[in-house]
Amino acid sequence: MPQLGLLPGRAWTVLLGLLRPPPGALCIRAVRSHSQVAEALFASQLKPHQEKSNFTIKTPKGTRDLSPQQMVVREKILDVVVSCFKRHGAKGLDTPAFELKEILTEKYGEDSGLIYDLKDQGGELLSLRYDLTVPFARYLAMNKVKKMKRYHVGKVWRRESPTIVQGRYREFYQCDFDIAGQFDPMIPDAECLKIMCEILSGLHLGDFLIKVSDRRILDGIFAVCGVPESKFHAICSSVDKLDKISWKDVRHEMVVKKGLAPEVADRIGDYVQCHGGISLVEQMFQDPRLSQNKQALEGLGDLKLLFEYLTLFGVAEKVSFDLSLARGLDYYTGVIYEAVLLQTPVHAEEEPLNMGSVAAGGRYDGLVGMFDPRGHKVPCVGLSIGVERIFSIVEQRIKTFGEKIRTTETQVFVATPQKNFLQERLKLIAELWDAGIKAELMYKNNPKLLPQLHYCENMGIPLVVIIGEQELKEGVIKLRSVASREEVAIKRENLVAEIQKRLSES
């Protein structure tokens with residue numbers, strides 16, 4: 001007989017109906033009810049006990065656990081990122097892991113199909129957040145906030161095919177920094193790019209490049225090349241793939257799959273394969289076709305100003321004007337940017353290789369207005385750091401160089417060589433904790449000294465305090481350096497001060 005706790009809801013409903021039949025019910029009713037219960041039980045598809053043993057314990061596809069060693073690496077990365085955000089005056093903010101489905105729909109273009117939808121018994125249609133930008137815009141509109149500089153570190157979810165080796169998952173962290181409010185052009189945008197440079201330099205990931213463009217320039221290119229306005233989004237998503245596939249393949253997609261005329265695709269190719277610095281911006285100002293488009297001229301004007309500010313910030317050499325940059329998300333309205341790591345070429349004449357995007361962002365002046373009942377806009381610009389991609393790179397380097405990672409921050413271990421000293425150890429470690437010293441002890445009444453010392457060596461704990469019968473009589477504590485194995489006797493009342501002194505010097 002199957003366990004009652006495993007009965008499906010339908011079987012319970014029918015069974016309760018059988019146990020409480022209506023007054024005067026005929027026997028034939030009971031017979032039919034028996035039959036219905038049997039059908040419901042068979043429909044439950046309960047697996048036999050022997051099949052249950054085949055169940056594989058694992059994490060869902062596209063997710064993973066992080067070991068203590070991995071958590072240390074991640075926390076160090078997040079410390080660098082968040083410290084930079086705070087250095088630039090950002091306030092912390094958090095939003096729910098899931099939003100009303102209506103909040104997220106029609107904000108991500110072709111990527112909208114990657115949103116996780118939830119079933120809710122309360123009747124609301126819900127979805128897991130796809131990024132941290134749309135919830136931020138909803139927060140601004142809902143709370144009537146007109147100016148804010150905020151950072152947010154949190155998980156997001158996407159139903160894409162995960163590629164673990166490339167650091168892509170279905171559940172992952174994002175670290176966002178955004179500036180909301182009406183300000184003079186390009187000053188907040190330049191600060192966002194400066195922040196990108198500070199973070200990537202601080203993480204010591206190697207050489208990097210920030211590609212920058214403007215959605216207005218891209219739309220202007222499409223217009224002067226003859227792309228129908230109804231195809232702008234579709235062609236934009238194709239151009240956005242140029243960092244992954246060749247122009248030949250992108251052109252094929254435009255013409256064959258999206259119905260663009262071959263000559264129009266060729267004209268687009270003349271533009272989107274260009275990249276350079278401020279000189280390319282000046283060149284585009286002189287372009288006979290692009291210079292006739294108002295949108296493109298506005299975008300080029302802002303980029304020229306942006307490069308002036310980046311020069312003052314001392315980071316202009318890290319930024320390249322790249323006309324192939326598209327950023328497929330629908331909510332971008334102006335400047336867009338993306339940071340990529342560069343692999344040093346084998347030969348001097350070769351160009352650096354693109355190892356993939358590790359940060360991205362842009363301006364989205366219309367997103368908040370989508371949530372405001374009166375359509376009031378709050379201009380915004382921001383960036384997102386790709387923590388998972390960075391984590392994968394750092395983790396691989398640690399494995400390559402065989403670096404050892406400490407999984408705890410313990411500074412002192414309280415040890416004893418003798419039996420029946422648990423009470424003294426507990427008093428001593430409480431004193432260390434109260435003084436703000438990170439300390440551990442072994443959870444045994446009578447531990448042996450050698451395993452305690454081995455534990456300190458394995459965990460990288462720098463100091464050991466040793467208390468025994470002789471030390472207790474003399475009113476001292478032995479302080480041992482794990483690295484040098486040198487021991488000194490310290491007066492009991494001076495122990496905390498001596499430990500703090502040594503830790504400050506290390």
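Even glycines carry a Cβ here, placed using N, Cα and C.
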Recorded L-histidine site member, picked from Arg158, Arg289, Arg374, that accompanies Asp131, Leu132, Thr133, Gln174, Asp178, Arg327, Tyr331, Tyr332 in Swiss-Prot: Arg158
Count of other CB atoms lying within 10 Å of the CB belonging to Lys444 (N6-acetyllysine): 11
Residue pair Arg327 (L-histidine binding site), Ser67 (phosphoserine) - Cα distance, angstrom, rounded: 33
Other CB atoms within 10 A, centred on Tyr332 (L-histidine binding site): 25
For Gln174 (L-histidine binding site): DSSP state (helix, strand, coil): strand
Top Cα neighbour of Ser67 (phosphoserine) in the set of recorded positions Thr133, Gln174, Lys444: Gln174
